[in-house]
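Take a look at the structure below.
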């Protein structure tokens, strides 16, 4: 009972409480500090831990450059093996030939082709007869996938029976040419051999130019919408396919916005633009031009800044701007084409366009500046000599290193082919021109076809929305021909992507058995099943954050490009080759791709915590957007002991120097230049962005050969120490099973220690390691499957040995822990091992005793409605050791016991009459934690901590001058960021806190009320806290929705229309595929919501910087306050403008050795209504604001940073891409649609209207 506990607390402090003045905040804080340090010392056994470690390890100051090189070589070896597997698949495919059987669709023939469908999960199919009857034949399956959880695929269910084949929705899966290519690509034997050689080999892929994708091992398909079986995926739009299939390119999209581009045409044009953008990778650059009577480039600088890198951030930004333009007037090609070439080629000099009437009215010397004149049908183009020379020399230097220049023209027709313009700008045909004629009734084919055919391009007719996806890929096929012809030039050159979220790893919806009748006896089974489901969801959540890079090779057969062979590599595996256990606890590795964008970084937050989608800018973040500046001081060069401030030409503070800083740091890292390392003062943020910690980093970098990545290392000041084993060679024969016999230890769930067999999903990571440990003990050497991670395994064994007697030590403190309501102690190590000790408190239940199963009939197996239980701080909530929030906090506050409160867990009182520490009858208590980093001098050994019932805090504070009471004397404990750890307001509710509606606890102190706001300002003014400003460059903002109204009486029937039109579109596409024709007509009703994959998610948000102030404890600062009084002379403060009677005195004192600050606010005797918001409201002009707000910058035209990709070292020449057989055909021609299709469409059209 809580009364008994309180008596124990009173007895414990009987000698102490009589020896200090409870009216003195300084003495109260001092005694509280001594108590907390004594308690932590007894629980952590810090002295014993250090003694244990000193027998096994020694401290070492490591060389960052040497450690970085070791990690670099490990990563290179790892990536090289994956690259070889992809190359092996390429060679195997190129040695095969495509069959030419004519009976591949005849189930009675031996040549009948089956394949394992990714969407169906078997090899069954439906064949549609290619005749006027349109009959279909159902072919039953002979094989199906038996998907089982795979231990080496992060428990994702896979099948090794065969590879799976995915076919995009617009393609007919029984097209004979498609089937022959699917059969040709069946190299499962190669895939299987590769997989057997390397346990942690991820998905092996092949994407065909025909559109299908084969992947091994098979896994169920991830639908974009599971309920509707919506599938937007096409492997030909992936970065790994685009990189290998085409040269890198500079692309200018010209979008006709003339008056005829209205309604359906414009919607098709927008969809075509999206589809083109979908095919651009980070190695490409682009801009979009709208033209009618005027021309506009959609970037913020109207083209003066040239082309933008094709990041998703830039693509979505320009796509949004398209919606702000309307169709009007005439399409002025004579204005648009010269501007397009000027921007695309970055031409120097100038030109002007005059009408013929304007030219005739000018004087003879009016155009002396322009020495060149070209007469066009409606204008005269006048240009300077510099401009003409620039054209003849191939343009300026703004092509950013891309290989090809491309114009994409989207129009419903052109009045002229403008041969003179193309002859002037593109005489050598170095610029490809692709034309997309949109609209089902478009008839002006000849002019746009001539533009494409005369300029190494291709023309397609995009009749309607159903046409878009497949028609777009004609341009890629056209550009891939040079890859086929010149493939020998690249040799064994591999292509690597940046980071992306692999859809094959994404969690699929779980399917559960039908509910069974609920009985009194079934609730235990129900709870157990709910617990297992919780574990499965945790694992699937981990997979949802699976990001990969992919290595790929083009597959060429007889100089014909056939597709791309690839292997993807989870970045969590790559990161373990540069393991955090090898460096200091505050230091970290990071990796950049060939474009300089961040791939891995502890501050990268790629997933939006609310939508669970990846952010638009997740794979195009610059390093300095994550290394957020701490203050105005920017340091450079460590060659001398005195670190000098960086002085910029533009100024001397951070804001003015940011551009110079970006160039200096980024150039050093991209160039892998460690000769003059850079140092920055930065803010390290926790994952939830509720805490930031200042630290000074020194940066080092190494280039990863072949992949063109950059591996970086940020070493925090004073953090270049680690522990290493005393033995040069670890003796595995000394491994004892007793070290792990108690089962109260856990390993990092995302780190591999030893490889497993695919089928070892029935055992936990800990159980598997015990088996390997037994083999070590028996044989005296490391098992083969542990050799790959030997260094980490040795560190783990050292931690296990050093902490093996902790359980016994914790046993000796059983009574002490019980009396102080401590029910959990733990120690987390850099090797990822956490050892813990559980103690069940007698007066508390760990499963909700007030829950009744009969209240939740119908919710069987639902976590939310299963009987609630205690969420274990380690086994349920914090399994990741060094990656967990508490660990990262502890190592950044050396020699400090950190106190925190958690709303993720609770325990229940056994007695229904027991009251909380605040005197409320709520049946439960929340939990608090204390933790601290343990050091062997300067090197971290781990983080020790314990968890306790929060009632103990309330009772302890009552004995240190702060009993729960009214607001006459308000006592609070603030943590290092001024969040409230304890408040003595007597109406604080645990239940409210646990559902996010609590009062005071865990809230920012300065935002509670006007009194707290003023007190917080004084805490900053008196140097208890330092004000910091953090900019979140990864934030997202909600886009303002444009609301439109319509009086259309048919609007309620739109869902029906949508279904009918989708059904009709499918039938026509199917008939078109079977007949080999092309779709050129559909009724005019189209529902034009974006369905292109990359533009399907997150359309209501956009990337934006957000900024917030933070307040960091100055307990170790140089200007630590010398008095406890927040107002000079301990005078009263009157913070309420509307209430002159409110008068308070404010005091504060650090609780030494902890992260806490004790604050007392005492009302004078005559003081009234200080906490009544109607009489004492918060100040609008807040001196201590807190909370993220969007940084509203005026839109200015700033030059984009020029990024030259390291991936563009090889460019295939297009000079010979001009032969007759290559140029003809250079377009798709419309074919007559069957009478049946037209009649059916007209019938449906008139039925609707």
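Using N, Cα and C of the backbone, Cβ positions are placed for all residues, glycine too.
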Checklist entry - With the ranges 1209-1228, 1229-1248 to choose from, which does Swiss-Prot describe as transmembrane segment? => result 1229-1248
Checklist entry - Which residue, chosen from 365, 520, is annotated N-linked glycosylation site in Swiss-Prot? => result 520
Item to check | Local backbone state of residue 903 (N-linked glycosylation site), from DSSP in three classes | outcome: strand
Next on the checklist: Please list, in sequence order, the residues in the chain of residue 140 (N-linked glycosylation site) that are at least six apart in sequence and whose C-beta is under 8 Å away from its C-beta.
Outcome noted: 124
Checklist entry - Just the number: how many Å between the Cα atoms of residue 923 (N-linked glycosylation site) and residue 1130 (N-linked glycosylation site)? => result 42
Checklist entry - If you measure residue 146 (N-linked glycosylation site) to residue 100 (N-linked glycosylation site) at Cα, how many Å is it? => result 32
Checklist entry - Across all protein chains in the structure, which of the glycosylation sites 100, 558, 838, 1130 has the highest Cβ count within 10 Å? => result 838
Next on the checklist: For a quick check of understanding: among the glycosylation sites 146, 757, 903, 923, which residue's Cβ has the most other Cβ atoms within 10 Å?
Outcome noted: 923
Checklist outcome for this item: Taken over the topological domain 'Extracellular' (20-1228), the predicted model's pLDDT averages 86
Checklist entry - Closest of the glycosylation sites to residue 838 (N-linked glycosylation site), Cα to Cα, picking from 100, 558, 1130? => result 1130
Item to check | Cα separation, residue 100 (N-linked glycosylation site) to residue 757 (N-linked glycosylation site) (Å, whole number) | outcome: 40
